[in-house]
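K.L.:
Pasting a structure below so you can have a look.
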Amino acid sequence: MNPNRKIITIGSICMVIGIVSLMLQIGNIISIWVSHSIQTENQHQAEPISNTNFLTEKAVASVTLAGNSSLCPISGWAIHSKDNGIRIGSKGDVFVIREPFISCSHLECRTFFLTQGALLNDKHSNGTVKDRSPHRTLMSCPVGEAPSPYNSRFESVAWSASACHDGTSWLTIGISGPDNGAVAVLKYNGIITDTIKSWRNNILRTQESECACVNGSCFTVMTDGPSNGQASYKIFKMEKGKVVKSVELDAPNYHYEECSCYPDAGEVTCVCRDNWHGSNRPWVSFNQNLEYQIGYICSGVFGDNPRPNDGTGSCGPMSLNGAYGVKGFSFKYGNGVWIGRTKSTNSRSGFEMIWDPN
């Protein structure tokens, strides 16, 4: 083959290879483009998608606390809790408190207390001996824990208070203001729902313990008047934090303060403090229509402090050592009574529960 034909042949072969290579590249480009188009189409293809959002909340069980059962028969008592607040307060932040009490819902028990707006071993704790001051508040914390700013919940401005749970929400009652014009503020689930104004303008005050709830209604007893003479006493019926009925007791020669109330067989019984002239405790029992009966615990085991030595009981005020007094409680059961009282007859020291079957 002459040189010219060789050159032409080699050039033709190179041209064919180049054309084939070009066609392969074009095919590759077309393949990539088609593949990309298919993926893009799939990404934008409309498909029915279920996008239902289910909002889940922690359900809080609501019940009706009927209170229709009678008190359980028991043979003794056991200690439930102790917070050791004074000991812990020597190093930790613990409130200066008085008037503590426990109240339970169907889900939890809480300790309620009246603070003095100060901590133990702090400069503001000096002079915190007054029963009524603008610094006092009702607060609560889990039962058994020392009351501190870190575990306590504000409930109400108060120097006298009560609280209870109806099966749905907490009801709190906080009394504050001047002695001649105090006001009780009712809160239900933390919201102010009603008020009760002092009707005798002489230190309106209430239980310093839990109110009692029966079939969705809650009941409390309040006092307005002298602490050493005849005063005025009212029972209040509340529903969802609002007063729906009240009645003033016709109770001459009786003195009711700081009542301790409990439901019993669909009714409510309260055992109270006579600060006027009784070393035994007055009681009032009423139904849900506020029809009531009154009396004094007749037992010769006297429950107040100061008090005389045990002896012959009286169904009226036992006047021996009858002046002054202390909050306390008793549980009437059948013809007998469980009496809670101080061990000392003349000082607020010690505690004991005594069963008097008569």
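Glycine residues also receive a Cβ, built from the backbone N, Cα and C atoms like all the rest.
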K.L.:
According to Swiss-Prot, which candidate among Cys259, Cys261 shares a disulfide with Cys272?
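P.N.:
Matching partner in the record: Cys259.
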K.L.:
Per Swiss-Prot, which of Asp224, Asp304, Asp310 sits in the Ca(2+) site along with Asp274, Gly278?
P.N.:
Asp304
K.L.:
Near Cys270 (disulfide bond), which recorded positions out of Asn126, Cys218, Cys259 have their CA within 10 Å?
P.N.:
Cys259
K.L.:
What are the sequence-distant neighbours of Cys259 (disulfide bond), meaning same chain, six or more residues apart, C-beta distance under 8 angstroms?
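P.N.:
In sequence order, the residues whose Cβ lies under 8 Å from that of Cys259 (disulfide bond) (at least 6 apart) are Gln207, Ser209, Val221, Cys270, Val271, Cys272, Arg273, Val284.
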K.L.:
Cα distance, Asn126 (N-linked glycosylation site) to Cys211 (disulfide bond), nearest Å?
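P.N.:
Pair distance, Cα basis, whole Å: 32 Å.
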K.L.:
Just to be sure I understand: of Cys104, Cys109, Cys164, Cys261, Cys298, which disulfide-bonded residues have a C-alpha no more than 10 angstroms from the C-alpha of Asn215 (N-linked glycosylation site)?
P.N.:
none
